[in-house]
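Got a structure for you, questions after.
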Amino acid sequence: MILAVACSLSLLAPVPAMADWAVAQAAPGGKPFVQRFRSISWASDITLEACRKQYQNCKVVASGTGGCLAIATTGSKWGVGKAGSKPRAHAAALKACDALGAGPCRVEDDFCGQ
């Protein structure tokens, strides 16, 4: 009984939020690397490290504590959009992707932070 109560209480314990995020790309239209973490600086460091394992000249192209992120792709090029709502993030990502002139774009992934 005590073990069951202890296990139940552990499920209610606060979990560190992973609401901060960062996106790194090697070049406009390059494959994006996304990381969610407890702070923007840690998310930026980790996403840059992941990007640099495959590409040179990586930089953080978007980051935030909240809001929404969307990634649109043609299959070979990617656009990143950041906004206060998922529909606006989708629109921004599609606009960034379309501006690359690499063909039809579709939203590949999205998420919203706290």
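Backbone N, Cα and C define each Cβ position, glycine as well.
Remember, TrEMBL labels are computer predictions, not curated facts.
In case it's useful when we look at the structure, here is the feature table from TrEMBL:
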type   : residues : note
SIGNAL : 1-19     : signal peptide
DOMAIN : 44-112   : domain 'DUF4189'
So what's the mean pLDDT when you look at the domain 'DUF4189' (44-112)?
94
Tally the residues of the domain 'DUF4189' (44-112) by DSSP class, grouping H, G and I as helix, E and B as strand, and everything else as coil.
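Per-class counts: 22 helix, 25 strand, 22 coil.
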